[in-house]
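Structure first, then comments.
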């Protein structure tokens, strides 16, 4: 693992990957082997990857390194690649984006072809780009890998959620300040009051809190959009509540994100309820011990003296959003206090107490997870999608399931695979996505070596066959060379503003730069 990680991930992700226990059921022993699988086919292996984020690139790399004649076409609905690395990673975390350099190496191979501005099966929210039917991919490739991530967010389902102004999903807000065209016009109102509530205690929730509390002059140096800078400059938010149903021993944030918030200049942290912290923190396992120590130490600035402050509010479950009289804007969020069966057990059960309290909030974000959705054409192709879990059903290694001959029987749909969040759900960091993608890549290579059945036996034409079915022949397909043009212009725009890049926030601008 160490030798491969050293070559293909940044140092930050490598440390996380090597510190995480692997799951033998999901990650085979030969995960890190980079030797080519025995070649038992004399023709090229053509594979389509749907999605150009980390899962897609790491799967492509793995297959290209193990199948000597592999040729990969990567489809991306937007004109620009990298998925959540570009649109989800916090702008003040440039070190996490280092993996883009490795993806560039993959794309430089003559056996790799980027097909940008082309959505597969779905034109919704595509801003006039190209669309090809899923059926076409299934007809022109040996294998299709779905690695398109999670494009929706989960909702709370409580009264007032869709009624009042000032309520946003964290996914919308993160996409907005990172330049995702879908949310370029979000225009969040940060001027209506000085308190904000973030519902959820994962790393995305802490990213949102940091964006609201950080000194704007610090953010100016990052690749955050200028529109976001202008909005944050006008922000009146001084107090942020990061709220969770459970306690600190069950929270899903990690130490890096908590420590960053604690170190913000002139931002104080309100102490947590000590009843939720074990008496002997020193006896906890290393990871929770370090995390509890950071939470207990708190911030350098005192909350009562700092210009801004935040808190981790535990054991609160949202029950209602309440709006004021002025224009239907949010004024407060109502919570029910919860009780933990064992506050110090990471898997403790939670139950409501019937006691409620309100937190003043002119702004609220729900940050309770992203969700994948199935693509048009899945049912026709026999691909099973679990709408409840938001994942494609598979064997644990990425081989996609279809119905068998018997009602309850499941079997692998030959040549169809999945990787990343659409495979395992929206959890983990880039390092865990790398591991997951490698397990899918290994499954593909092993099936090819074993001469298992794939989608097409000797009739795979790849993009040459698919492009005749592009629904709008006037739309522009973006190549990797075109992406380099967009990339160069963004960097030039950034240099003039004293930052790494200034992203385009509309597909029209992106396509114009690619000319």
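Cβ coordinates are placed from backbone N, Cα and C, and glycine is handled just like the others.
Record features (TrEMBL):
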DOMAIN    46-214  domain 'FAD/NAD(P)-binding'
BINDING   55, 76, 84, 120, 421, 428, 429, 430  FAD binding site
BINDING   201, 202, 203, 204, 245, 246, 257, 428  NADP(+) binding site
Cα-to-Cα gap, residue 429 (FAD binding site) vs residue 202 (NADP(+) binding site), nearest whole Å: 12
Annotated FAD contacts 55, 76, 84, 120, 421, 428, 429, 430, maximal Cα-Cα distance (Å, integer): 26
Alpha-carbon spacing, residue 204 (NADP(+) binding site) to residue 428 (FAD binding site), which is rounded to whole Å: 11
Euclidean distance between Cα atoms of residue 245 (NADP(+) binding site) and residue 428 (FAD binding site), Å: 20
Residues that sit under 8 angstroms from residue 201 (NADP(+) binding site) by C-beta distance, when 6+ apart in the chain: 242, 243, 244, 251, 252, 253, 312
Rounded to the nearest Å - Cα separation of residue 430 (FAD binding site) and residue 257 (NADP(+) binding site): 15
Which same-chain residues, if any, lie at least 6 apart from residue 203 (NADP(+) binding site) yet have Cβ under 8 Å of it: 252, 253, 254, 257
Nearest recorded site to residue 246 (NADP(+) binding site) by CA-CA distance, among binding-site residues 84, 120, 421: 421
Candidate nearest residue 245 (NADP(+) binding site) in space, where candidates are the binding-site residues 55, 84, 421 and distance is Cα-Cα: 421
Local confidence of the prediction over the domain 'FAD/NAD(P)-binding' (46-214), expressed as mean pLDDT: 93
Lowest local Cβ density among 202, 428, which the record lists as binding-site residues, within 10 Å: 428
Count of other CB atoms lying within 10 Å of the CB belonging to residue 204 (NADP(+) binding site): 27
Cβ packing number for residue 246 (NADP(+) binding site), 10 Å threshold: 22
